[in-house]
Amino acid sequence: MASTVSTCQDASPYQPRNYQLEMLEASMKENIIVAMDTGSGKTHIAVLRIKAELDICSPDKVVWFLAPTVALCIQQHEVIASNLPAVRTRTLTGLDKVELWTDQSIWDAVLNGYRVIVSTHAVLADALSHGFVKMSQLALLIFDEAHHCTRRHAANKIMQDFYHPTLTKSGPAAVPRIMGLTASPVVRSNHQELLMVESNLDAVCRTPRLHRQELLKFTHRPHLQQIWYTPTDPAGFRSASLTLGALYHAWENLDIGDDPYIQRLRKSPLDDRALKKALLTGKTYCREQLRRFVDRSRHIFEELGEWAAEYYIYASIKQLRDRVRDSYMSGDWDEAEKAYLVDFLSKIPTSDIHFALNDPDGFRISPKFESLLNFLDSSDQREFSGLIFVKQRVTVSAMTSLLSVHPYTRERFRCAAYVGWSNSSASKDILGDLLNMQLQRDTLDDFRSGRKNLIIATDVLEEGIDLSACSVVVCYDKPPNLKSFIQRRGRARRKQSTFAIMFPTDDTSADVSRWQDLEQAMIEAYQDDERQLQSVSALESLDEEVMERLTGDSTSAVLTADMAMAHLHHFCAVLPPQPYVDMRPVFSFETNEDGLLKGTVILPSCVHPKVRRTEGRRWWRTERAAMKETAFQAYKSLYEFGLVNDHLLPLTKKPELKTHDLGSMPSILETSEQYDPWIEWAYSWSSPDIHQSRIVVKMNEGRGDELCMRLIGPEYLPPLSPMTLFWNSSTTFTVTFKAAERVPLVPLSSVEDMRAITALYLKATSSRVCSAERDFMALFAPDLHHTELKGWLDTYEGSDPAMEVYSRGHNPLLMGVVRDHSRYGEPFLFRKWLVSHQNPSCSIVELECAPFPHRRNFLRRQTLANSQVDVDEAIPDSAAKNPIVAAEACTIDRLPFTMAIFGLFISAIVEQLEIELIATRLRDTILRDVSFKSTDHIITAISTPLAHRLTNYQRYEFLGDSILKFSVSCQLFFQHPNWHEGYLSEGRDMIVQNPRLAKAALDTGLDAYIVTKRLASRKWSAPLISEKLGRVPAKRQMSTKVLADVVEALIGAAYVDGGHSTAQACIRRFLPEINLHAVDTRTAARSVAPESARHMMNDRLKDHIGYTFEDESLLVEALTHPSCDYDSTTQSYQRLEYLGDAVLDMVIVSAIFNHRIQRPQGDMTKIKHAVVNANLLAFLCMEFAISEEKLDVAQTSKDSFAVTSSQESVELWRFMRYRGQGLKAARDASLARHRALRDEIASSLLQAPHYPWHALSRLNADKFFSDIIESVLGAIFVDSGGNLAPCEVFVEQIGLMAYLRRILDHGIDVRHPRSVVQQLAKTNIQFVLQRVPTEEGGASYQCSVQMEQAELFVVTGCLTAEEAEVTAAVEAIKFLTRDEGSTPLNKS
């Protein structure tokens, strides 16, 4: 049946090589036949060619890959599909019964949507013959084993009957391009066949001409060995084998008249002619079956010996009897013929076959097989992998059985048989074919994996089939022609391998050199450089002087051609390292008509395309000189492009990336004292410009009366934000401030009244002895005209004896603060009078009071709800809890407590005014160009946690950090299109590092505005003019981190205040070199980039991304892995991934920060790290797919077929452009883990209350999966002109935003298991990681958990250190919560 896209887990190791790229370039220019040794990578050249063709051809055209056998079709399809996962591919072979597809609609359905078809030659030839497929549908035809394209072969039929006539009639545009692949360009010994193959395929034969030495380096020619044996006497079987002799005797004496077919013909007079013919020829079905069976038995005897022949006869007779009993297996056989064959063979005496003999002499073998055993015994058994070619299928099965049971081989070799996939249903043999086709399905995979180490096969394994490199290949019979010799020898391509041919001692044509000489003669017809090898070696010994010199513009640094190679290799060595990528420069050469050479060098794909490829300027006689000159020109280009400094060294970790010299900045710095705004006010009071703001105090959101006051200052009063003051659990006060207004012509006496009133309020709520100084900085007064203040003061200043107040019958609701002078004037709140009459003439008056609140910081909610008394006297309380004081010892303030309570709020108001003055000053000076709308965000940004204010900078710093990283990343990306990702990353790190930001804070004077003083509410005293005048500023210690944090917090505050534009202005204030507004984001990124190559892309998948690219080359770049070296016009995705990383941070952090539930900075950081975790992004990348309809053909009856429909997923990762089997193997391994863990991870993301740390650590996806997400984000950002909105759409499309919302809305626990363990443990817990080497050369990881120097347990066998640590942490959580019944973190 047809195979569709699949993976080949054990594809042969492969690394990109120069000669493969050379062959690719040649195939793009003309039709060629790639002639290279077996194992040198021809199929991978074809894969590159297919990829290139699909990028440029019309999407309705097909690439058709042709192979001579079904097995080879299946193998090549696996290679193509696994290396081009984005391409829909399929096979069409006889296994699909294509010969029965007689309807055009069937063919249309089969080909619909597929871009690559792999089939045998006959399938395409027949389809073309019947018009089901037209030559115009084909973009590229690839002929594997192209030497078959001769004479009447179906390959030649395709060319002669369809290609050439179409070419003649309509021209080259009407026919597909041609590529042939072969390791043996001639089949027989006639070298003229090379020209015939070229003509038939309309192609020229090419072998790598410029890198022959590299080709030989990777192609290991085996040691050729002859194995001699004494041939068996053909007539000796009669006496040597009783069973075979009896079989032969019975066959010789077989009476044709007893044949059921003859007897049937004799009974019918109409069949007289057929009867005569049968009697004359002696051919009937039964006689032919027996004849072939006897011949095969004799052949096995001669090849393998008596035991094998008797085994074959015994097994064949048993198989026949089993088939006769099985009506399904016997099919259409004639019952009489079945009975006749069974009866004939039943008379043959058969020996008992013993499979478990320990005596080698019990296995009577032929001299030829004995020679084979001796050879195998002498072979190196370490990592043995062998292949034995035999002539006949029956020999395959018999030899496999014999090797599997013989004492010399059964313990040493794991044998398997292989005869290919020819349609066995077409064979009419019911006797003697012992091979079970189903048992060989896994043979090749078992051999590649090492489960089998010796295959016995027919010539079906000569051509194309991808096998692991063999250490031993044996031809049990001489190769029939040159093609077989070359192909079989090519199987032995392991280093120090052996290719053996068995010869009888009486063979006169056993000279192995005959094949070698003939092969060399054929190859020379198309390989000129082989004949010139000696002269080239002589030329390379010449010493050519390369006179080139480069001097740094501002230094005395010099580069000569002799130094250029070392410098260029060093430049490549310090590029950002990438797995699966060879970072070395690649040199190639071209030759002119004079035989001179010119070099070309290609640098790794992370280097900008403009300087990635450099050609030499002169022609040279030697490769060595050409390389020197080319390396010099390349390094000169790097210098001129700005990637090398004036010292002629790479920029990485050099001063060129530093914007400021920070030296070694200490972690603790001496900085300015906190700015004190009262000093300016102190001087302003000498000639005040009185401003006042009306204050309104409401209790419980306005329920009840208002208290109105005024705040007075000597100069402009900044707007103050409303304040909420928490009296107790049920009572709050809201303090609002009206806009300040100037009050002209306030006499000095009125100012003094204000000072007295301010002192009165401060004293009314204090038990301390107040200072006589009244030169307060901020003044407070009731909401009256200044002319009325004197009268108000006369009314409420002072106190009266309690007895006097009692006697006046004063309104309890207007009672002032009670002061018990027996307790040194301790204040109380009046509750009620208590009067006791001991006698008629004497009454004792007492006061039941409530304790005066000790709390002074009303800005924070109180922690104990019952710790305060209520203000409202109507609230009942138990008298037993209230102190009773004697009226005679008390006085009561004239100022009612309902007014005096304002004195408790003055400290908070003054502190709020102070911080507002600091923020206003900062806004109007350092931040004057930032255009903050409000100082509220500035206040938050400059308040350190140490100040213990209601808000601090931590949340804004979290936001500002990402905004700064985003802005700097954008600026460097757009400003330096010549910089690779390494320079960009280091340049960004230089700018956003704490020392650089701390220096910016010091340079601008920001350090003075950072609030670190803590409000001491209990010891607070109102600031006085006399204290501030003449005060000398001091210094304070501050950490570098705090300085940097405040800069980032101000950036975050600016973003909250006015969006990105305000944030960019703030960044520019502290980092003048960052000016993103000055960068044209729409044109800067592509300003020096050449046009990228085309790249096939699924249109529906592009729609699924949620963004339509104006410049699709950006999407191509976003999908180009650094290993993709075949496209020198497109840079790898590393730059876009660098930018996308910052874009993703910006999108995620904004969503976290702006969520309705405000979280502390620590929680936001944990959420961010969980959401942008590389394994989560990789999982979403693997999941990001569309579903497409896939049509296929199913057989509904014997001759009927129907089109079936199914759905298949097309994932984004399939479109990543790469090269290299290492990356492919890693990709497939990650996808296998994804398939195993998908349900668990997906379920966790949708339902679990915890983040799936454990499952994601086991996923251990390669980084390129998450890189693709970030690089596509970067591409969208660039193409949209720096617009974050379409980036947010893509993040939504991949499912990341949905999971982030779930985390934020439902409080998903994102703590890392290790953090959970540390929180659960009452003592320090240590995780000790260890790398454990494995026998296969790899490594696993283990992690032990230790508590108080005792080891709790060890987790072993983990793929990575992260998995080991997370698994250990999960187990530790179980251990620590084993008695609680549930764990705080599931293993999800």
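Note: Cβ is positioned from N, Cα and C throughout, glycine not excepted.
Within 10 Å of the C-beta atom of Lys42 (ATP binding site) sit 24 other C-beta atoms, taking all shown protein chains into account. DSSP assigns Lys42 (ATP binding site) to a helix in the three-state reduction. Annotation source Swiss-Prot lists ATP binding site at Met36, Asp37, Thr38, Gly39, Ser40, Gly41, Lys42, Thr43.
The annotation Mg(2+) binding site is assigned in Swiss-Prot to Glu1137, Asp1267, Glu1270 on the grounds of similarity to another entry. Reduced to three states, the DSSP call for Glu1137 (Mg(2+) binding site) is helix. The Cβ neighbour count for Glu1137 (Mg(2+) binding site), using a 10 Å radius over every protein chain in view, is 23.
Annotated domain 'Helicase ATP-binding' per Swiss-Prot: 23-203, in sequence order, evidence recorded as sequence analysis.
A mean pLDDT of 76 is what the model gives for the domain 'Helicase C-terminal' (368-537). Annotation comment: Swiss-Prot describes 368-537 as domain 'Helicase C-terminal', evidence class sequence analysis.
The domain 'Dicer dsRNA-binding fold' annotation in Swiss-Prot covers 564-658, and the record cites sequence analysis as its basis.
Annotation comment: Swiss-Prot describes 906-1059 as domain 'RNase III 1'.
Residues or ranges marked as domain 'RNase III 2' by Swiss-Prot on the basis of sequence analysis: 1098-1281.
The annotation motif 'DEAH box' is assigned in Swiss-Prot to 144-147.
The annotation site 'Important for activity' is assigned in Swiss-Prot to Lys1263 on the grounds of similarity to another entry. There are 15 other CB atoms within 10 A of the CB of Lys1263 (site 'Important for activity'), with all protein chains counted. In the three-state DSSP assignment, the secondary structure recorded for Lys1263 (site 'Important for activity') is helix.
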The domain 'Dicer dsRNA-binding fold' (564-658) versus listed stretches 23-203, 906-1059, 1098-1281: most Cβ pairs under 8 Å: 1098-1281
Residues close to Mg(2+) site centre defined by Glu1137, Asp1267, Glu1270, Cβ within 8 Å: Tyr1133, Gln1134, Leu1136, Tyr1138, Gly1140, Asp1141, Ser1266, Ile1268, Ile1269, Ser1271, Leu1273, Gly1274
Minimum Cα separation from Asp37 (ATP binding site), reported as the residue among binding-site residues Glu1137, Asp1267, Glu1270 that achieves it: Asp1267
Per DSSP, three-state class assigned to Asp37 (ATP binding site): coil
Structural state of Glu1270 (Mg(2+) binding site), classified by DSSP into three states: helix
Integer Å distance between the CA atoms belonging to Lys1263 (site 'Important for activity') and Met36 (ATP binding site): 35
Pairwise Cα distance for Lys1263 (site 'Important for activity')/Gly41 (ATP binding site) [Å, integer]: 27
Secondary structure tally of the domain 'Dicer dsRNA-binding fold' (564-658) (DSSP, helix then strand then coil): 35 helix, 18 strand, 42 coil
Candidate nearest Ser40 (ATP binding site) in space, where candidates are the binding-site residues Glu1137, Asp1267, Glu1270 and distance is Cα-Cα: Asp1267
All-chain count of other Cβ atoms within 10 Å of Met36 (ATP binding site): 22
